[in-house]
Amino acid sequence: MTENSDKVPIALVGPDDVEFCSPPAYATLTVKPSSPARLLKVGAVVLISGAVLLLFGAIGAFYFWKGSDSHIYNVHYTMSINGKLQDGSMEIDAGNNLETFKMGSGAEEAIAVNDFQNGITGIRFAGGEKCYIKAQVKARIPEVGAVTKQSISSKLEGKIMPVKYEENSLIWVAVDQPVKDNSFLSSKVLELCGDLPIFWLKPTYPKEIQRERREVVRKIVPTTTKRPHSGPRSNPGAGRLNNETRPSVQEDSQAFNPDNPYHQQEGESMTFDPRLDHEGICCIECRRSYTHCQKICEPLGGYYPWPYNYQGCRSACRVIMPCSWWVARILGMV
């Protein structure tokens with residue numbers, strides 16, 4: 001009886017006896033849980049590292065933007081031109097040595113970019129079919145600090161700027177052919193002009209001033225071109241006599257203004273002399289800033305003979321600061 005009770009056939013084994021037939025499971029229970037736990041740890045480390053990198057990248061980008069923006073300052077003001085109030089703005093970018101002036105809005109907007117690094121000024125009018133460039137002195141714009149920003153803002157913000165707009169001032173007229181190679185222009189001027197053709201501007205004067213200049217030339221030229229001996233060498237002098245009505249500042253042989261000594265000056269230094277006032281960079285006798293406007297016109301009836309007959313004149317304005325202010329900025333006094 002005891003032998004029969006110990007030996008149980010496999011066919012008679014019930015559901016309760018299955019655990020006695022299964023192999024031991026303790027060997028697999030210690031290996032399987034380790035693999036997903038390790039993956040979770042690696043994933044957590046990757047996520048934390050990525051978050052830290054993003055945080056440092058955001059902080060670096062913020063400080064880079066803040067540092068680059070510290071070299072740029074914007075100010076808005078109001079000017080009165082012929083009894084009409086117009087809004088204007090000035091942007092000083094000391095890092096790129098640029099000044100940007102905007103006047104008016106909509107169809108009457110005019111934008112001028114003064115590139116002091118290359119000695120070029122770009123001008124564009126809203127709705128115009130041309131973009132203009134003219135000679136500009138080469139200089140270095142001093143960095144504008146926080147104290148200076150407050151000084152400029154207190155002088156310009158919320159005030160009506162006086163406008164210097166003389167009838168006897170220079171009038172800039174576009175030449176007949178656009179610029180073929182614009183590689184010498186900065187990216188800011190090219191961005192301003194876009195796809196528009198670019199034309200050089202040449203200086204001229206109103207007819208009354210031109211008559212006075214011609215009278216002076218007629219008195220001077222005969223004494224300077226007279227030669228003691230007649231011959232073939234006197235022909236160039238006669239040629240110059242035929243062109244005596246052509247103002248010397250309107251020569252086409254040079255792209256830049258020949259009366260401007262700064263284009264021949266190397267380096268980034270700016271000399272404080274009366275030409276700064278003459279060229280409209282700053283005002284020597286002024287104690288406050290003002291708005292300086294220039295007329296830009298299209299020729300009427302062809303480009304030759306001189307002097308120009310012009311039409312369709314529009315104004316481009318900029319803010320002129322006292323020369324003492326610029327010198328103080330260069331010396332670090334303000």
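Placement of Cβ uses the backbone N, Cα and C atoms for every residue, glycine included.
On a predicted model such as this, the values are computed, not experimentally measured, just so you know.
As annotated by Swiss-Prot, transmembrane segment applies to 45-65, with the evidence given as sequence analysis.
For Cys131-Cys193 (among others), the entry in Swiss-Prot reads disulfide bond, with the evidence type similarity to another entry. Cβ environment of Cys131 (disulfide bond): Gly122, Ile123, Arg124, Leu192, Cys193, Gly194, Leu196, Pro197, Ile198, Phe199 lie under 8 Å away, each six or more residues apart in the same chain.
Under the heading region 'Disordered', Swiss-Prot lists 218-268.
The compositional bias 'Polar residues' annotation in Swiss-Prot covers 242-257.
Residues or ranges marked as N-linked glycosylation site by Swiss-Prot: Asn243.
Annotation comment: Swiss-Prot describes Cys282-Cys286 (among others) as disulfide bond. Using a 10 Å Cβ-Cβ cutoff, Cys286 (disulfide bond) registers 17 neighbours. In this structure, Cys286 (disulfide bond) belongs to neither helix nor strand by DSSP; it is coil.
Its Cβ placed at the centre, Cys283 (disulfide bond) has 21 other Cβ atoms within 10 Å. The disulfide bond annotation in Swiss-Prot covers Cys283-Cys323 (among others).
Residues or ranges marked as disulfide bond by Swiss-Prot on the basis of similarity to another entry: Cys293-Cys317 (among others). A strand conformation is recorded for Cys293 (disulfide bond) in the three-state DSSP classification.
Contacts of Cys313 (disulfide bond) defined by a Cβ separation under 8 A and a same-chain sequence distance of 6+ are given as Ile171, Lys295, Ile296, Cys297, in order along the sequence. Sequence annotations record features per position, and here Swiss-Prot assigns disulfide bond to Cys297-Cys313 (among others).
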Most crowded position, judged by CB atoms within 10 A, among Cys193, Cys297, Cys323 as disulfide-bonded residues: Cys193
Densest Cβ neighbourhood among Cys293, Cys317 (disulfide-bonded residues), 10 Å radius: Cys317
Among Cys283, Cys286, Cys323, which are recorded as disulfide-bonded residues, the nearest neighbour of Cys293 (disulfide bond) by Cα: Cys283
Distance, Cys317 (disulfide bond) to Cys283 (disulfide bond) (CA atoms, angstrom): 15
